[in-house]
Protein chains: 2
Amino acid sequence: MNRPEYIQERDGALWLTEVESDHLKLNWRLKDVLHVERSPFQEIVIVDTETFGRALVLDGVVQTTAGDEFIYNEMISHIPLALHPNPKRVLVIGGGDGGVVRECLKYPSVERVDLVEIDERVTRACKMYLPELAGKLDDPRVRTRFEDGVQYVKGVRNQYDVIIVDSSDPIGPAAVLFEEPFYRLVKEALRPGGIMVCQSESPFFYLPVLQNTRRLLNELFPVTRTYWAPVPTYPGALWTFTLGCLFDPFEDSGWICRIREKSTRYVTAELAVGSFVLPAFVRGALGVAE
Amino acid sequence: MNRPEYIQERDGALWLTEVESDHLKLNWRLKDVLHVERSPFQEIVIVDTETFGRALVLDGVVQTTAGDEFIYNEMISHIPLALHPNPKRVLVIGGGDGGVVRECLKYPSVERVDLVEIDERVTRACKMYLPELAGKLDDPRVRTRFEDGVQYVKGVRNQYDVIIVDSSDPIGPAAVLFEEPFYRLVKEALRPGGIMVCQSESPFFYLPVLQNTRRLLNELFPVTRTYWAPVPTYPGALWTFTLGCLFDPFEDSGWICRIREKSTRYVTAELAVGSFVLPAFVRGALGVAE
C-alpha cells in the first residue's frame, strides 16, 4: 500500500496534511492508515485520526469523520424530510459514504431511497471501514446505483419527493453539481410538492458559491431557504445548506414535530427552527430578511 | 525581532503552526509578522494571516483574528447585556484585546466598563496593530486596570451589573478563571440582579470544562444557562458560553428586543434566542432540557 504524499511520518507519528486552501492547512495525527486506493475518479483513503476517529479522505480532503459526521448528515437529511409532509421516495446524489441514507431511513414514510454515487469504490471502502455510516445501505428500501448524478437525473421525471445533493467541494468532479443545468434537472425529477437540498459551503471560505446557489435556486423554485450548522472538520465551521421547494413547506409549522423522536445527536425540533436564522453577515450577503 | 519557533519559512512563505492539541495542528500562511514580544506572562505575537487578516497570538495559540472576532465578541457581550434590564456598570476580566469592551459600549445604559487584563503588553500591542478591536479603549466610559483578575475581584463587592469573563483556554495563567473560588468572588462582585458570563470552551475538545463550569455556576447562581456560537478559528468550531444570573432574566422575553439596532455582524435578536437551543449531544452531556 503506497502511502499518499500528504501522509508523512514525523516525530515517530503519522500525520495527514489537509490543504484547506493555499493559505491554511490542517495536520491530523493518525493512529493508522487503513486503506489507500486510486479509483477512476479520485484517490480514496481511510485513516483513523486521533481527534475524530476514522475519516474518509478523497484526494487529500477530509470528507467525513466518525466523530462529527452526525452534524452534517442529520442537518442535510432531517430538515427536508421533516419539511415534506409525506416523503416516500428519496434520491441522494453523492453521499456514497451512506451517512445521509442512514438518516433518511429514520422516516417511516420513506419507502425507497435511491443513492446515486459516481464512485463505487468510495461506497465499498466505507462499507468496510465506516460501517456506522454505510451500514444501512443493505436495507431493502435502499437501491444504490454507481453512475454520474447528472446523467442519472437526466433520465428521471416526476419521481422523487425529496432530493438531497450531498456533494463534495465545487472543484473537480463535483463542480457540475453546483450549476444551473443540474438544478433544473433536479427540479424536473421532483414530484409535485417536492423539496431539494444541497450543501452550499461556508460563507467564510466560499461565499460566492453560497450566493450563486441561492440565486440559481431562487430562479427555479417558488420557495428557497438557506439554513446552517457548525461543522468542526470543515474550514470556516459555519456550514450552509440551501433548499429549493416546489411549495411553501413553512406555512405549516407542524413540520418541526416530525423531527422529534428520531434518535439524533445534533438536531432537535427547536434546533431545526433555529438553523434557519442566519447570522447578520450571511443575511446581508444573500440580501434576504431571514 | 526574533521569530518564535512556531513561525517558519517554507516554500518562500511564512507559516505559523498552531498546536490545537497533541493530535491536531493548524498551519496559517502569513503575509507578515508584525510584532513579537515576551511579556512577564506570555509571548505576544501579532501576525497578518492570509485567511483571516491580523491575529493576536499568545504562546503560539491564535486568540482572535480580525476576520472572525465579531462572532465571539458579539456573543459573549450582547447576550448578557441584553438580558440585563439596565446594565450600568460592566466588568470585563481578560479581554485585553478590547473586542468585548467595544461591544459593551454599544449599550447606551452603560456608564462604565472596567477592563481588568493581567498583561498590559497585550493591550498595548492590540492598540497598535488591531485598532478595530482596541480602538474603543480610549472611550471616557472605559477604565483599564492591568492586574490579576482574581486579585481584582477579591476587593470588590456589589458593584457590577454584568461581569464578562473573556479568558483564554484553561491552561497556564487562565486556569484559575475556571475554578470555584473565582466564580464565588465574581458572584459577590455583582449587584443584585446581576449577570455573569464566561466562555466555556468547545464540547468536542473540552467537554469536561463545559460540564464543570455549568455545574459550578449551577451551585452558585439561581439561574444558569449555556448558549453557543460557531467560531471558525477555534478548534471544535461549536463554542459555548455559560451564564450565571442572580435572577431569571428569561421571564421577560423583551430582552431580545434590546439587541436590535446595535450594528452587529453576527448576532440578531432571532439568533440570540436560537443560541440557547443546544445540540442534542450537548444537552445530553449537561443533563439539561434546554
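Backbone N, Cα and C define each Cβ position, glycine as well.
Remember, TrEMBL labels are computer predictions, not curated facts.
Reduced to three states, the DSSP call for B:D166 (active site, proton acceptor) is strand. The Cβ of B:D166 (active site, proton acceptor) lies under 8 Å from the Cβ of B:I76, B:V92, B:I93, B:G94, B:G95, B:V100, B:Q199, each of these being in the same chain and 6 or more residues away along the sequence. The active site, proton acceptor annotation in TrEMBL covers B:D166.
Annotated S-methyl-5'-thioadenosine binding site per TrEMBL: B:Q42, B:E117, B:D148, B:G149, B:P173, in sequence order. If you draw a 10 Å sphere around the CB of B:Q42 (S-methyl-5'-thioadenosine binding site), it holds 20 other CB atoms from the protein chains shown. According to its DSSP assignment, B:Q42 (S-methyl-5'-thioadenosine binding site) is coil.
Listed in sequence order, B:L58, B:V61, B:Q63, B:G94, B:A174 are the same-chain residues at least 6 apart in sequence whose CB falls under 8 Å from the CB of B:S168 (spermidine binding site). Sequence annotations record features per position, and here TrEMBL assigns spermidine binding site to B:D97, B:D166, B:S167, B:S168, B:D169.
According to TrEMBL, the feature domain 'PABS' maps to B:13-246.
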For the domain 'PABS' (B:13-246), would you mind checking the mean pLDDT of the predicted model? 96
List the same-chain residues at least 6 positions away in sequence whose Cβ sits under 8 Å from the Cβ of B:D148 (S-methyl-5'-thioadenosine binding site), in sequence order, or say none. B:I118
Among B:D97, B:D166, B:S167, B:S168, B:D169, which the record lists as binding spermidine, how far apart in Å are the two most distant Cα atoms? 15
Intrachain C-beta neighbours of B:P173 (S-methyl-5'-thioadenosine binding site), sequence separation six or more, cut-off 8 angstroms: B:F41, B:Q42, B:I118
Per DSSP, three-state class assigned to B:E117 (S-methyl-5'-thioadenosine binding site): strand
Enter the number of other CB atoms within 10 angstroms of the CB of B:D169 (spermidine binding site). 20
Taking the centre of the Cβ atoms of B:D97, B:D166, B:S167, B:S168, B:D169 as the spermidine site, the remaining residues of that chain with Cβ inside 8 Å are B:Q63, B:G94, B:G95, B:A174, B:Q199
Could you tell me which three-state DSSP class B:D97 (spermidine binding site) falls into? coil
